[in-house]
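Features of the protein shown, as given by TrEMBL:
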TRANSMEM  58-79  transmembrane segment
TRANSMEM  86-106  transmembrane segment
TRANSMEM  147-167  transmembrane segment
TRANSMEM  217-237  transmembrane segment
TRANSMEM  263-283  transmembrane segment
TRANSMEM  316-335  transmembrane segment
TRANSMEM  342-361  transmembrane segment
TRANSMEM  367-387  transmembrane segment
TRANSMEM  394-415  transmembrane segment
TRANSMEM  427-447  transmembrane segment
TRANSMEM  459-482  transmembrane segment
TRANSMEM  535-556  transmembrane segment
Amino acid sequence: MANSNLKTLRDSAAMRWIALLLLALAMFCSYIFMDILSPIKDLMLSQRGWDSTAFGTMQGAETFLNVFVFFLIFAGIILDKMGVRFTALLSGAVMLVGALIKYYAIADTFIGSDIEKWFTENLNYIPGLDELGVSPFYKGMPASAKVAAIGFMIFGCGVEMAGITVSRGIVKWFKGREMALAMGSEMALARLGVATCMIFSPFFAKLGGNVSVSRSVAFGVVLLMIALIMFIVYFFMDKKLDEQTGEAEEKDGPFKVSDIGQILSSSGFWLVALLCVLYYSAIFPFQKYAVNMLQCNLHLTTPEKGSFWADDSVTIVQYVIMLIVAAAGFASNFMKKKDLKYAMLVVSIISLLVYCYMGYMRQSAEAIFAVFPLLAVLITPILGNYVDHKGKAASMLILGSLLLIACHLTFAFVLPLCGNSPVGGVVIAYITILVLGASFSLVPASLWPSVPKLVEPKIIGSAYALIFWIQNIGLWLFPLLIGKVLEGTNPELAAKIKAIKETTKHAVEAGNMTIQEANAQVAAVSENVAVSYNYTWPLVMLAALGVAAFFLGLLLKAVDKKKGIGLEEPNIK
Ligand SMILES: C[C@H](NC(=O)[C@@H](N)CCCCN)C(=O)O
């Protein structure tokens, strides 16, 4: 340490930010794996014989153990009892184990194996769960999807455990300092992970012209190994810090399970937890359908094979431009000189415009939607900084909810009117997605740093875990609800598929068509149906979540004022 007056590692700004970088990089890698199959749903269907139900069930498995086996609650207790560094290592290892299982399920070697045979014949029915409609498996589910679901369940435990551990770790290193800025920066990198996944998962799957879905998953597994290394390095820094502080936090008041009652009796905690589940249920589940929603509303026409805009290298260039947007925008937060700050911002904004233009020329819904996390990367740290120095967290939650409502209503009612105006439609889509990104900065940047103001330091881990658990119920429920509302409000599309299946089946039976011709006809109709959904009602449902979050925000602000919780107060006084 350069300054001899510094007492502990966290008194050195450089050491604090290195600790944050380790935690944030681990989360960046985890967020990439979390959505690794989302942008290649079409390939999972064509390469592994899954259907939409198998895909949706496998995706939903991520939250299963956390929600129904209460793993997240145990994770919070482990965190408060064992501390940040132990739980960080444990979560890294759990994520990796889950990811390796998922990789094996998708790998070519799985096909034709005894394990595939066993899973095809077994694990079809889980008594109790089937009746409740929450089973992560069902009869007829492809064996690879069942094993992938098991892997994803385990990964889900690891990633949520990592989430609460990182939040707790940031509080440990930054409380009383730039805590919201640090949390905002960590989330900014996580958002960049989502954008990276949207671009690189399809890229690796289609690399070199031959399709391999396991290549994408392998890319994610390698990143999780890097995440584990980050946690190991963090382990030693955290140990050193505890040696210097004499583990004061843990010794002063050891955690007891009964302390959880204290969390549950706080009205502020409940308001924050409910606001969190409502808001995030309108964001993460939407993320899974957003690309398809854009395809349905914008009628995008993929550039012809062999044309400049269809080339793989353009994807890489576009990603590099995205990194410039993120890096310049992020760095501008830390520039002391005004000129340099504005120069960075200008570079970031110009790069963003170039990125948007390329997305339009490539007619790629994935690339268009990938701007969603970008604005969050740029402004989450700015807002975090604002919360640190000026406060206003409760007001930011209210504003974030209002923007969420406006965006979902624009997607629902304005975007469908733009289908025949390619440029207008894409411009409105970009603006709305960017505003949604701004909302997705306002709420997380103010919500997570508010938790330490609601509970005692020794139970922060459990408080984060309880909020994540309540949030996970929404993250499990709403993807299912969106799917159901979508099917329910577009009955003619399911009827179209049923009709073509029946017509081709009769034609094959009558000897008028080969099975290959029948499959090709069904595939052509399915492809057309996949981009013809009307998303109005699912989007209205998500806007309604925003309305409820808005009213909870108002209530939270009133309770904060009455009880003096300090949510509107700055973190640094
Ligand atoms: C910090 C916060 N993280 C969460 O809310 C996690 N529970 C992420 C869950 C993602 C599920 N696909 C955030 O990212 O803002």
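Here the Cβ of each residue, glycine as well, is placed from N, Cα and C on the backbone.
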Contacting positions for the transmembrane segment (342-361) when only residues 6+ beyond its ends and CB under 8 Å are counted: 303, 309, 314, 317-318, 321-322, 324-326, 328-329, 331-332, 335, 367-368, 370-371, 374, 378, 423, 426, 430
Surrounding residues of the transmembrane segment (58-79) on its own chain - C-beta under 8 Å, 6+ positions past either end: 34, 37-38, 50, 86-87, 90-91, 129, 134, 136, 145, 148-150, 152-157, 159-161, 164-165, 168, 255, 257, 288, 461-466, 468-469, 472-473, 475-476, 479-480
Range from 217-237, 263-283, 427-447, 459-482 with the greatest count of C-beta pairs under 8 A to the transmembrane segment (147-167): 459-482
The transmembrane segment (263-283) in contact with the transmembrane segment (427-447), cutoff 8 A, at least 3 CB pairs, sep 6+: yes
Distal contacts, the transmembrane segment (367-387) - CB-CB under 8 A, six or more residues away: 178, 180-185, 187-189, 191-192, 194-195, 198-199, 287, 290-291, 294, 298, 318, 322, 325-326, 329-330, 333, 348, 352, 355-356, 358-360, 393, 396, 426, 429-430, 433-434, 436-438, 440-442, 444-446, 449, 570-571
Stretch contact, the transmembrane segment (394-415) with the transmembrane segment (217-237), Cβ-Cβ under 8 Å, 3+ pairs: no
Ranked first among 86-106, 427-447, 459-482 for CB pairs under 8 angstroms with the transmembrane segment (535-556): 459-482
Same-chain residue ranges lying at least 6 outside the transmembrane segment (217-237) that approach it to Cβ under 8 Å: 9, 15, 18-19, 22-23, 25-27, 29-30, 32-33, 36-37, 85, 88-89, 91-93, 95-96, 99-100, 102-103, 106-107, 162, 169, 197, 200-201, 204
